[in-house]
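Asks: Sharing a structure here in structure tokens format.
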Amino acid sequence: MQLFAFGVNHHTAPLDIREHVAFSEESMQHALHDLVGHQLVKEAAIVSTCNRTEIYCNTDTPDKAVGWLADFHHLRFGDLEPYLYRLLREQAVKHAFRVASGLDSMVLGEPQILGQMKNAVKSAEQAGTLGLLLHKMFQRTFFVAKEVRTSTEIGACSVSMAAASARLAERIFGNISEQKVLFIGAGEMIELCAAHFVARHPVHVTVANRTVERAEALARRFNAHPISLGELPDQLALHDIVVTSTASPLPILGKGMLERAIKQRKHRPVFIVDLAVPRDVEAEVAELDDVFLYYVDDLADIVKEGLDNRQGAVTQAETIIESNVVDFMHWVATRQSVPTIRALRNQAERYRRHELARAHKLLAKGEDPEKVLESLSSGLTNKFLHLPSSVLNHATDDEREQLIELVNRLYQLHHS
């Protein structure tokens, strides 16, 4: 078995590919059970965010594991294959460390990915698909991420996706304080966005969510008006700015709904940021003249602001990561000797029990205890040394030299 990571992210695949391989919260447990249930992998954890879907696993059949991703999402492997990355052993470990530290994010140094990876581990634990190897790797991953964030300035002055959404809205409207804002969803991303937009004092804020109770909870925090998703067709036209990020597998806003809203607004423009993967807004909406539609990938230029000033922090972070990769792979290597050590100890225990039982019988017959102890010790010595001696004596000339060197090292022999 070996560590293996594979998937797609914003570096390798466009949004229309990423949304087809995303896993919803509801499908995660089924996906993990399906992957491990097919005995393609021994362990597995799935990280699925707006920017990446990647699978960390312990497997002897990497190619079959990769093929599972396409099969699970009912895709042709040939359509997905050009966008996939595959990382084995130390490269998989290094990738996990970089992702958790925010070095692989669209927003360099952003902290949200660490929480998302922790959620992925929690899901794998609940599904029973997290074994010793992945558990240890993720433990070290979270340790490294903490060290990178506390020892470097990697997160300093970073522009989050939420902040970028607000900045982009300001570029369109100039002043958000004169606009009405609608948030669709009530998860972490919407909560972050709401904080940035509300800080700019919009005229009115509405929160729409499938579960009205969650909309009400978020609305109370930001002095907003809660509504259900069913009210969107009537409410959409009242808002100038729409920010959406739900876990819906199907679009929330279609072209027809936006056309009706624009007509009601007498063609006053609407600014929409869709941070969801899969997308909440149909791609055809971009064809409407009075809609400024931005998807998550469209925010890349804004979130890269200030990147040049943090290159020193990136170098420091990479050094920390490289050191920890070496340490972790050393631990993995030592694990390979565990079965042999266990077998050796079990063999020794069998010898001990056999000789001890023999000694008890001799004592029961009234044999001299000193002679019994002598027999016990010589019996153990002979049993321990018989096989190594036999292997050395029957080895070929080429084998013998290596075996002699190995025995000298194992037993720390010094020839006088």
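Glycine residues also receive a Cβ, built from the backbone N, Cα and C atoms like all the rest.
Take a look at what Swiss-Prot says about it:
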type	residues	note
ACT_SITE	Cys50	active site, nucleophile
BINDING	Thr49, Cys50, Asn51, Arg52, Ser105, Glu110, Pro111, Gln112, Gln116	substrate binding site
BINDING	Gly185, Ala186, Gly187, Glu188, Met189, Ile190	NADP(+) binding site
SITE	His95	site 'Important for activity'
Asks: For NADP(+), what surrounds Gly185, Ala186, Gly187, Glu188, Met189, Ile190 with a Cβ no more than 8 Å from their Cβ centroid?
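Replies: Close Cβ neighbours, site residues excluded: Phe183, Glu191, Leu192, Cys193, Leu218, Ser245, Thr246.
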Asks: For the substrate site made of Thr49, Cys50, Asn51, Arg52, Ser105, Glu110, Pro111, Gln112, Gln116, how many Å separate the two farthest Cα atoms?
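Replies: The substrate-binding residues span at most 15 Å between Cα atoms.
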Asks: At the level of the C-alpha atoms, what whole-angstrom distance separates Gly185 (NADP(+) binding site) and Thr49 (substrate binding site)?
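Replies: The separation of the Cα atoms works out to 15 Å.
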Asks: Starting from the Cβ centroid of Thr49, Cys50, Asn51, Arg52, Ser105, Glu110, Pro111, Gln112, Gln116, the recorded substrate site, name every other residue in that chain with its Cβ within 8 Å, sequence order please.
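Replies: Apart from Thr49, Cys50, Asn51, Arg52, Ser105, Glu110, Pro111, Gln112, Gln116, the close residues are Met106, Val107, Ile113.
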Asks: Could you check which of the binding-site residues (Ser105, Ala186, Ile190) sits closest to His95 (site 'Important for activity'), going Cα to Cα?
Replies: Ser105
Asks: Using DSSP with the three-state reduction, classify Thr49 (substrate binding site) as helix, strand or coil.
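Replies: For Thr49 (substrate binding site) - judged by DSSP and reduced to three states - the answer is coil.
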Asks: To see if you understand the setup: which same-chain residues, six or more apart in sequence, place their Cβ under 8 Å from that of Pro111 (substrate binding site)?
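Replies: In sequence order, Gly102, Arg149, Gly155 meet the Cβ cut-off.
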